[in-house]
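Read the structure below first, then the notes.
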């Protein structure tokens, strides 16, 4: 029998590691889903060489992969769990409190970035990839010079419909809409990205993703389904954008909407 | 025991969801085949981020994936079933009648497009992909200017033999034949593509596929085998065409047929 | 119980389909190996849309995939078997005699081409792919003009060591050796390629492969291991050659051998 | 029962093949891990056509794949084992002593190169790939002319953090650090690479990898985890570098570090 789950956010004795929080036979339990998603992402080339990762939030509990794990080999017992309510405001790594910690690992440097999506946007899942396509898009933008290098834009591509219109808005973007993804500069320490990520989220209140120059992308969504499908759609668009660039095709075009003639 | 299958096209009480229509141990039953095909297509990058899909027709019954499902995770219980005979002529989504609907889903916007292949061509299967190669081919054509951008043409490639000669014609295209695939402009709402798809089918009575600009491709065939292998062959040719373009090689050439010298 | 295997080359009553020839629990039996190899090749993009294939010879018996089968779905029961000794000299499809034929299929048009490798070179396995890289190499060669377009050459690449030095020669090519693969023109009917393939084999007595313009490649070897690894090495080199072309790098270079200084 | 393991480095009777050294139910035993890693590498295109390989060292015992094996089909019983202490100084193939040899195989020509990583750097695992990206990077460098073609350099890419700072140093490289990988010229015989590999290791005491022109790369690490993740990160960077080259983007840039403004 698993012990009863204590109220989230409550303090635990250091000797109680709450292993029951990552033990479930349900394949959709976050502790099972993070490893299966990460294995899928590894095959897509998104989390090569322990880079990248994913985190899931269910109500107050946040499930996180540890630092430095081979993503296709991750196990439920590798997962950290923390309570959002139990955290001090800063979420600084020195004061972060985990309900459950795997032995022999360190917390991921991505933690405060995932937390930003959970606290500022109420996201249920956040994915971080090192996809080549994301990195190449930021490198291509870099060549456009200061002032024109801080935003990826693309319009008139069907896959743009894969994105929600924005935080607390219903419905998705349309085919003719311009998808805008902010780009922030990379920092020497991943945790230091947090303030810039949050700044970008403030400046782009409807975005579900932030590109990090020469590094990758953070993508989130209300739930795992939305985070994953938005991440897939975005990677699709980044790849398309790189291929368009190679063929000399522009990312932004003016296209007159086609009207149906039938009633 | 499964209840007896009522005559197709017959009206059903709203309380009867006909779940038996999607329950079979036969892996080749459409309700099993659509999920297994879609999982395969997901790995090929054809149905990323819930885009694209596939539909199968057996006699009067049409099996359809719902909208917004992760294609590699689809289950037989996710499948819609409709009777062609039971539909009003317009096939408008407001008047469409489903024999079986999965809970919690919405019908796919692709439905009237799949139906066009079934009604106008007697197809047994129709596949819709968002393949990068299909989209890139339409983008490359766009650069050729109005009047030259509405048809993809390629000849003198062995894989062209992967296509039937046309509706109600026997045999396949030959190596030296020119494969012609019409391109229609994308519309803001996928259902609005239907009339343009049908127009293209009228104008190209022998085509088994229609490209949709900046969106993807619809491919069909008499049965699942033909739809899938034609879709694969077409994606192969689209990829080749993009790579030829990058290398400055033309899609259309004049090549003198080689004659065998032996009797 | 399986019936006893009759001496190969012996005539069979038309009513005896010799199904025992394709029934074995040994995964390395040709009737099991052809489907598992073809499934692997399908994932590599070599046998898309029913194109391409593979054949294995064990002593007098030749195992062949049928025409028009989805290569990742092939089953042992789909395999044709013929006896080489039982064939008339021409191997013409009208006079070809099969010991075992699957119901509902037609023999592959590749049959006489596979047979050429078996009869002229004593090969134990022959693979035919429609790999994009093979086709692109023939297209790139085409741009070099008549007289310079009939042979693919590459040297000073480690993977060249993956090829045997030639028919009845021991050992493999060296790093500095030039690998030469003849290119033949494609014909409207695949069977008509046979005489040109045989001509190329006569002209290049040591080659283990023949490229077919705008079509693909035939690769063989003494046994399945050698045919498969030579086919993989060749596809690797074709891909490298296309990428070198894109980067403006020549396929043939003069490189002074490095001498070890230690005894 | 398996026989007791004799002290490593001790001489064995020629009739004792020590098969127990490669028999374990533990998936992380080197004799199981080498085949599972190589199968993974085959899917990544790193060990095509029997090229490339991997070796693991545990204390005094070194586990090696044989020459000429299809890497996705390797079995634990295919593995060679040798004792480092039992070897003469030269490690010449004529004097090399194996504790355990598989029947019907020859030792890999990579053996002395793997041994260099084990003896000079105390590595626990060494991987050799023929990755296209590694080969293309050496070809691109070649065009920079003598003097500028012996080192791959890249900086300001997040994935650089995937590498340790160097032999017996703690911590990893930083985002702004320049990763430098030496390039050695390929030799006609792979074993002759050894002295040049060792020279490069002496000249670059902190490197975990050596590129071999027109051939591939050797990558090692303290243990399997580090060797594999460093190899993945490096292949990621090689691919990125080739794609950057195609887009005209430089591998080395000057980027002012971004300072966090929060305390």
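Quick reminder: no glycine exception, Cβ is built from N, Cα and C everywhere.
Not measured: the values here are computed from a predicted model.
The active site, proton donor/acceptor annotation in TrEMBL covers A:158. Reduced to three states, the DSSP call for residue A:158 (active site, proton donor/acceptor) is helix.
The secondary structure of residue A:110 (substrate binding site), as reduced to three states from DSSP, is coil rather than helix or strand. The Cβ neighbour count for residue A:110 (substrate binding site), using a 10 Å radius and every protein chain shown, is 23. Sequence annotations record features per position, and here TrEMBL assigns substrate binding site to A:110.
What TrEMBL records for A:128, A:130, A:215 is Zn(2+) binding site. Long-range neighbours of residue A:130 (Zn(2+) binding site) (same chain, six or more residues apart, CB within less than 8 Å of its CB): A:46, A:47, A:48, A:51, A:52, A:215, A:216.
Annotation comment: TrEMBL describes A:32-242 as domain 'Class II aldolase/adducin N-terminal'.
Per-residue confidence over the domain 'Class II aldolase/adducin N-terminal' (A:32-242) averages out at a pLDDT of 95. Candidate recorded positions A:128, A:158, A:215 yield A:158 as lying near chain B, with Cβ-Cβ distance under 8 angstroms. In this structure, the CA atom of residue A:128 (Zn(2+) binding site) is 8 Å away from the CA atom of residue A:110 (substrate binding site).
Distance from the CA of residue A:158 (active site, proton donor/acceptor) to the CA of residue A:110 (substrate binding site) is 31 Å. A simple way to gauge crowding: the CB of residue A:158 (active site, proton donor/acceptor) has 21 other CB atoms within 10 angstroms, across all the protein chains here.
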